[in-house]
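*Asks:* This is the feature table in TrEMBL:
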ACT_SITE  29  active site, nucleophile
ACT_SITE  32  active site, nucleophile
DISULFID  29-32  disulfide bond
SITE      23  site 'Deprotonates C-terminal active site Cys'
SITE      30  site 'Contributes to redox potential value'
SITE      31  site 'Contributes to redox potential value'
């Protein structure tokens, strides 16, 4: 998974042929930390078809606010540089992330 920050976010989500999943997480977020190894497995499963990235809210507050992310974990799904779906809070489950990722490939 690619670590994003304010300098790399735009480049990684807007360029390239692959759809992108961005995991927005925080170091104090228990559900975020619990999901992370499972999301990394998912990233391996979709390798070469979908790019997985992660963005730590710590140190990237302005970017997170600009993305209108109000809670973690939040997952953003991009196709062709455009955000096409957002999962946040109670809607975030491994199955929901998998379904949204598969939807990027359709």
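Even glycines carry a Cβ here, placed using N, Cα and C.
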*Asks:* By Cβ count within 10 Å, point out the most packed of the active-site residues listed: 29, 32.
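*Replies:* The most densely surrounded of these active-site residues is 32.
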*Asks:* What's the CA to CA span in angstrom from residue 30 (site 'Contributes to redox potential value') over to residue 23 (site 'Deprotonates C-terminal active site Cys')?
*Replies:* 14
*Asks:* Between 30, 31, which of the recorded sites has its C-beta surrounded by the fewest other C-beta atoms within 10 Å?
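*Replies:* Fewest other Cβ atoms within 10 Å, among the recorded sites 30, 31, is found for 30.
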*Asks:* Could you tally the C-beta atoms, other than its own, that fall within 10 angstroms of the C-beta of residue 23 (site 'Deprotonates C-terminal active site Cys')?
*Replies:* 25
*Asks:* Within 10 Å of residue 23 (site 'Deprotonates C-terminal active site Cys') by C-alpha distance: pick out those among the recorded positions 29, 31, 32, and say none if nothing qualifies.
*Replies:* 32
